[in-house]
Structure formats: structure tokens, C-alpha cells
Amino acid sequence: MNIISYNVRGLGRGVKWGAIRRLVRNHKVDILCIQETKKEHIDKSMCQALWGDLNVNWEFQPAINTAGGLLCIWNDLAFKVERSIKGRGFILLEGVWTQENKKTVIINIYSPCDSHNKRELWESLKQLRGQDPEGLWCLLGDLNSIRHPSEREGVSQRGVEASSINEFNEWISELELVEIPSVGR
């Protein structure tokens, strides 16, 4: 299954829409997860234009004013969604990866930057995992956290607290997640 996660930093129109359509077409994408749409409203015609096809399924979480916003678009032939859950900072899609006939959970995340709300998001996701641990779990998006100080490319290392890094790594371990290599930035 081909999944693309893209922090678009404002969905706007024009150039970004064309770039997204090309990504979907060129990489034969099955699921597209977009963070920071900065859109309060998204409709089917917008999703069809982004996906490049009329046959499209989607879920979105609106931005608050111009902050955040999440969008998931998928090919129903590759991923049959059976339920979705929207929480503060995430959209969870649970369904069947049809090619492998495996239960799969995809979570598109845009985490708050402040520690308190970030911890609340982590706790929500941990509870969801605990309630339904079966199947493949894929968390993606912008977690606004790092696993190692060297990940703060081009930013002063002084602001990176070891405790927040340790807490993030512990959360990843508790959920039994494995970081997979990603392509691009």
C-alpha cells in the first residue's frame, strides 16, 4: 500500500493542488494524509480535484481559524474503511488493506506544539491502541517531536529538552511502534 503524508502548510489552490495531484498519480498512492490544511471547510469536489479522480473517499478535520486541519483521502479498492475516529489533532481510519486482507489502522496526526496538549494527544492514541491492539498500525504526520537532538536540522540545540525527547521515545516504545524510513522531507 502506498501512503503519502504531506504537511502542506496551507492547502490554498493552484500550484499545491497540482503538485498533490502529480504525487498521487506518479506514485500510485492509495492513501493521502495531509496536515495543516488551514481549511475550515473541505468538500467532495475539492477532494476529487486533489486526488485526480471522481471516485474518492475522504475524511477531514477542520482547521481552527487558520491553525491545523487534517485531510485523509483514499482509494476504496485498496483500503476499505470500516470506521473513523476524529480527535483533537488526529484522524484514525480503521479498515482492511485489501491486497493483504489485513486489518489496518492509519492515523493522520498534527500534534500541538505545547507539551500539555501534546501529552493529551499521546494519551488518547495510547488508549485507542490499548482498546484495539490487533492489526497493522501506521501513525504518520507531524508529531512536532523529535527522537534525537540531531533531528532539529538548522535549529539551535539549546531549546531541545532531553526529558521531552525521552518522553516521546517512551511513548513510541509503549505503543510498540517502529520508525520506518521516509522519503523526502
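Count begins at 1; order follows the chain as displayed.
A Cβ is built for glycine as well, from the same backbone N, Cα and C atoms used for every other residue.
What TrEMBL annotates here:
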BINDING   N7, E36  Mg(2+) binding site
DOMAIN    168-185  domain 'HTH Mu-type'
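Mapped onto DSSP classes, the domain 'HTH Mu-type' (168-185) shows 7 helix, 0 strand, 11 coil. In the three-state DSSP reading, N7 (Mg(2+) binding site) counts as strand. Under DSSP, E36 (Mg(2+) binding site) is assigned to coil, being neither helix nor strand in the three-state scheme.
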